[in-house]
């Protein structure tokens, strides 16, 4: 079964590919295989709004089942920021390091773990060319470190510590992160829908 990962981000593609290969026999592609495809601009205030828009658009344009996701980092003490600005917190043209630096600056007066609490929210959408879709949600709670730690991952990983771990996401091995992260939780909830699609395809072939 052909399925397209609606992302050109190497880490997201790798994590989703690993998950799909464990489930069954998929012909896996990503947006890197479609250089002429243009994704819609993310304008939603919630992860599910962006994931749904990306998924339905890509499925229709590429004529394939698609997996799309959107993730936001929420810091309650900052009224939910970065939130929908997670990818542009320090500006449209800023890099991940700039976003992390701005977050640390915004939180410099917050000392306790309670005040520095944060969570990642991820929504994943499985969409068909006909407009059918299934969506799942994963949340990972933790807090923001006072300084960057670790060199793996991307985005805010080097600042985020999951409550029951003493390492940031950027310090965890990729295998462990892929089991406990917000995206991992959302992908795991998607498994029954994908397995059902595979079974239906096998039946139709027979």
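Using N, Cα and C of the backbone, Cβ positions are placed for all residues, glycine too.
Record check: Swiss-Prot places 7, 8, 9, 10, 11, 12, 154, 155, 156, 157, 177, 182, 183 at the substrate site, and the matching candidate among 71, 88 is 71. Around residue 11 (substrate binding site), the C-beta neighbours below 8 angstroms that are at least 6 residues distant in the chain are 153, 154. Between the farthest pair of Cα atoms in the substrate binding residues (7, 8, 9, 10, 11, 12, 71, 154, 155, 156, 157, 177, 182, 183), the distance is 20 Å. In the three-state DSSP scheme, residue 71 (substrate binding site) is classed as strand. In the three-state DSSP scheme, residue 11 (substrate binding site) falls into the helix class.
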